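Student: Pasting in a structure now, in structure tokens, and then I'll have a few things to ask.
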Amino acid sequence: MLHQFSWTRLLGMALVGGVLYSWEVPAFFRWIDRQVPERPDGGLGRQWLRAALSQVYFNPLWIVRHYVFLRLFGGQVEQISWALLPLAGRSFLVNVPVALVVNYYIQNKVAPDWRFVASALFSGIMAVYYALSATWL
């Protein structure tokens, strides 16, 4: 995918982000809010649990789905295979330390009305990482 800009991939991923991810992510954040409500005296355990639950959403299966969309919209359907699973697993494990800290911040320091925006910005950065990690890992 390096040095291979594709309008169809860009537009396809924008469509997926605008339709699927824009519905899914806020719904999952509301689920986190129901499971582990914010409390001023909640303590670090609850805060890290919120971050961990956010990290669970962006799991290897989510990454595989993202890779499938990238290949589908990039005209590389022949590259869609079960081999994407271990690639997604490695990609997930490598990004956990950074992503967990960022998710901690988003879930515990960003106002609820702005969490989706903060997550979308971080997800945009991670989308580039996932695309690049597909060639590096």
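Note: Cβ is positioned from N, Cα and C throughout, glycine not excepted.
Annotated transmembrane segment per TrEMBL: 6-27, 48-68, 80-102, 114-132, in sequence order.
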Student: Give the nonlocal contacts of the transmembrane segment (6-27) in its own chain as ranges (CB under 8 Å, at least six residues past its ends).
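Tutor: Residues 57, 69-70, 72-75, 115-116, 119-120, 123, 127.
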Student: Where else in the chain does the transmembrane segment (80-102) make close Cβ contacts, counting only residues six or more beyond its ends and a cut-off under 8 Å?
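Tutor: For the transmembrane segment (80-102), the far contacts come to 51-52, 55, 58-61, 63-64, 67-68, 71-72, 122, 126, 129-130, 133-134, 137.
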